[in-house]
Amino acid sequence: MNMSVGWVFFYLLVFPGFFFTSVVGLLYTWIDRKVTARIQFRVGPPLLQPFYDFFKLLGKDTFVPEGAPRSIFLGAPLVGLASVSVISTVLLVSNMFPQQAFAGDLIVVLYLFVFVPIILIIGASASSNPISALGASREMSLYLAYELPLLFALATIIVKSGGLLKIGDLLQWQWANHPFLYSASGAIAFVSAFLCMQAKLGFVPFDIAEAEQEIMGGTILEYSGPALAVLKLTKAMLYFTASIFLTVFFWGGFRSPRHGWYHILGWLKPVAIIVLIILIKNTNPRLRIDQALRFFWSIVLTLSIVGFILAAVGL
């Protein structure tokens, strides 16, 4: 079924694109803060606190560091915001309407995911601040560490499905058979991809690029006002998008070939993933950059390769 231009813009800007993803993403940050507070025996913020914080930043002034190229410094956050919006749209539309998936949409999602760390690196490097540059260096090192295991994890499900590259086809394969997570190779690939997403989100133990206690925010140190609000919103949207990514590719998506409560329960899958991410975030110390590199290039990469081999032999 072909989509009209009007529907394309509706999907991108309203549902399930920018507006929907931003609202749910901010709600996910509230879940993060609330669960964290409970773990620390605190009450936690009210439900709308992330929205208050976002609009408060919109009312502040944005300062561009002296010597920083204004267009690059302010443009980088907007590129990241657009990238996450498109990723969310592609994943959710493919889940709701598998027949509207297009050839190679999986590759498009992977390319757009690359923009998230890249825009942080570009924006921090453009700020002319040596501490931000250090954060950018850490972000680049971390990206190079987790990207290869993530690719192997996705290659595992592609091999297991018989070479499918459309997200809709991968979902329909899971509905016709079983979620990839319920096989040996798929479970291993899920664990690898989950750890990579934890790093992509910049959460403990992989919050090395921002590390407020060490480099005062690192990549986002020089941002303020609306520009900082856009970065915070992008991260909140990425929070939701990362959980969608894992749910769609490894856990059969939100929809179910069955009807009734199964569809509602499907939307609890990303929430369960987020809660697990939060628990890991609150029960582990931050790794050093060399420890993170060794972790991904040895343990996680090995896991991904093992999963790929198991998928190749049919397990």
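Every residue gets a Cβ built from N, Cα and C, even glycine.
Any TrEMBL annotation is an automated prediction that lacks curation.
Going by TrEMBL, these are the annotated features:
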type: TRANSMEM; residues: 6-31; note: transmembrane segment
type: TRANSMEM; residues: 72-94; note: transmembrane segment
type: TRANSMEM; residues: 106-128; note: transmembrane segment
type: TRANSMEM; residues: 140-159; note: transmembrane segment
type: TRANSMEM; residues: 179-197; note: transmembrane segment
type: TRANSMEM; residues: 236-254; note: transmembrane segment
type: TRANSMEM; residues: 260-280; note: transmembrane segment
type: TRANSMEM; residues: 292-313; note: transmembrane segment
Under an 8 Å Cβ to Cβ limit, what residues of the same chain, 6 or more beyond the ends of the transmembrane segment (179-197), are close to it?
146-147, 149-150, 152-154, 156-157, 160-161, 242, 245-246, 249-252, 273, 276-277, 296, 300, 303-304, 306-308, 310-311, 315
Tally Cβ pairs under 8 Å between the transmembrane segment (292-313) and each listed stretch (6-31, 106-128, 140-159, 260-280), then give the stretch with the top tally.
140-159
Report, as numbers and ranges, which residues of the same chain sit near the transmembrane segment (236-254): CB under 8 Å and 6 or more residues beyond its ends.
21-22, 24-26, 28-29, 32, 50, 81, 84-85, 87-88, 91-92, 94-95, 109, 113, 116, 154, 157, 167, 170-171, 174-175, 178-181, 186, 189-190, 193-194, 197, 200-201, 263, 266-267, 269-271, 273-274, 277
Interface present between the transmembrane segment (260-280) and the transmembrane segment (6-31) (three or more C-beta pairs under 8 A):
yes
At a C-beta cut-off of under 8 Å, are there same-chain residues at least 6 beyond the transmembrane segment (106-128) that contact it? List them, or none.
65-69, 72-73, 76-77, 79-80, 83-84, 86-87, 90-91, 135-136, 139-140, 142-143, 147, 151, 154, 158, 165-167, 170, 200, 209, 218-223, 231, 234, 238, 245
Could you tell me what the rest of the chain brings near the transmembrane segment (260-280), counting residues at least six beyond its ends with Cβ under 8 Å?
28, 31-32, 35-36, 39, 194, 197-198, 201, 203-205, 239-240, 243-244, 246-247, 251-254
